[in-house]
Number of protein chains: 2
Amino acid sequence: MARRALGPDRIEGMTYIGWPVPEPQIPAETDPVLAHATRAAVRAFADARKAHDRAALAEKVQMGADGTPTMRLDILVDTAVAESVTENKVNLLSEELGSIDNGSSVTLVVDPVDGTANAAAGVPLSAFAGVVAVDGVAKEALTCWLDTGRCWHAIAGQPTPYRTSGREKLDGAAVSVLRPHGFDENAWLAVARRAARVRILSSSCIEAALVAEGSTDAFADTGSDTHRIMDLAAAMVMLPAAGGAVLDVHGRPLEIDPDLSKRWSGVAAATRELAEELAETIANAIQK
Amino acid sequence: MARRALGPDRIEGMTYIGWPVPEPQIPAETDPVLAHATRAAVRAFADARKAHDRAALAEKVQMGADGTPTMRLDILVDTAVAESVTENKVNLLSEELGSIDNGSSVTLVVDPVDGTANAAAGVPLSAFAGVVAVDGVAKEALTCWLDTGRCWHAIAGQPTPYRTSGREKLDGAAVSVLRPHGFDENAWLAVARRAARVRILSSSCIEAALVAEGSTDAFADTGSDTHRIMDLAAAMVMLPAAGGAVLDVHGRPLEIDPDLSKRWSGVAAATRELAEELAETIANAIQK
């Protein structure tokens, strides 16, 4: 049976995601190695959705370098990224494949599919996020929303064309959060009760980009220590460049580290004041 | 200063939403009056984002027909829809302008901008949702995601090309919810603790469409009675046509009624079994 060019589809009892995957709108000034890896990731993502139904995309096929099970979709995209960095002779630090040393001073820190659960199910909120790090210092970031091709680009120390909202207070803020995990329910509710708007989009990199462009005020892991460095690396470049801040709820330094067992509870906010108020609110509520 | 064609922008200290508003991909078989109203709404939405910054889009400029304050963005889009239905000599039932009687047996039930808070802030999750009702019975629905042009169309009693996930149990389901409102926190947590995935996208019509196409399993108002009939009308056509169900937590009948003070706690789910389990879980937790 022919596939429809557009729209969700169902073939022989298997449910494919039929929506198109547009070309990423990568800004011309993007580092060519980062741009190459991004295009490779988007192509692999589009191919994976053509070749596999929802169940096959979400199937956990191996254990990732970060110690969590890896979905087929992640593997397919991460493999394409690894081929790209090897072709370009730079190193890779990635969620699933871990650290690949190609003998360069440059490392791409990559979340090939941020929001994998969204992407595999068909919820159109997932992103490629990549950072260029030189000798361990993040220099440049690119987040591309896979479902629309929208990209946010930033270079460390240079202002971005987009700016955060500038909000400094939690009361009345628009805050994106991870879902509550049971043990952090108190902290989750402490934030939700004070925020004017609460969202759970399930894509940390898109949520951080929305903070950077001023569409929401903050994004927080309310103390569940879910974030790995590739969930936060793009925000660590993008937020300061757009007027905001990124920090950890418990004050641990955010570092690009090949040890992928490390976790953080990241807070990305429109201002340092709001980031600190969120971190304090969460840390206090967790202690209770 | 010239506006950038693409990407968020900041002009003279005012923050415009610079992302494009694509043409809606309206299926050819759509009722021409509904298609006309949809195109008018999308044009007005695109014009509003060009003419007004975030603060001006979100400014509450009058009291809506549903008894809640109306943002400028809502008024601009609703006015365009009202002109369209009057040109086409059908009636309108809409959130902001209320009931407009043009002496027809056909009424368009319209949420001109579902997820207005998202749309005004720049969070790219908002939709036009319209239903063709004949003598008070919903016959056809169209939901168009304003930020991407994706549309979901359904005709009552006819199967849609997309299907729900078929999930029957809440344990392990992917559930979208409204944010907790304080008084419904118990019910909200009762659902969140049993669901495998929890999302708050803040656009009821997009969330219902994602249930209809099988990308999530359910969407629920956990007892806050926030839903008006235009938040649920499209789902009332689309979900049954795709294999799912829509009902109210407290068993109140879902009816197209010009009395816009009426509220429901809607549940849209992949199956009737899941909808009933969700409604029971919420109703029991609220009573405690």
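Here, residue 1 is simply the first one shown, and the rest follow in order.
A Cβ is built for glycine as well, from the same backbone N, Cα and C atoms used for every other residue.
According to TrEMBL, the protein has these features:
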- B:E95, B:D111, B:D114, B:D231: Mg(2+) binding site (BINDING)
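Location within the structure of each feature annotated in TrEMBL.
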| residue | record | DSSP (3 states) |
| --- | --- | --- |
| B:E95 | Mg(2+) binding site | coil |
| B:D111 | Mg(2+) binding site | strand |
| B:D231 | Mg(2+) binding site | helix |
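Of the binding-site residues B:E95, B:D111, B:D114, B:D231, B:D111 has the largest number of other Cβ atoms within 10 Å of its own Cβ. Surrounding the centroid of the Cβ atoms of B:E95, B:D111, B:D114, B:D231, where the record places Mg(2+), the chain contributes additional residues within 8 Å, namely B:V110, B:P112, B:V113, B:A129, B:S204, B:C205, B:R228, B:M230.
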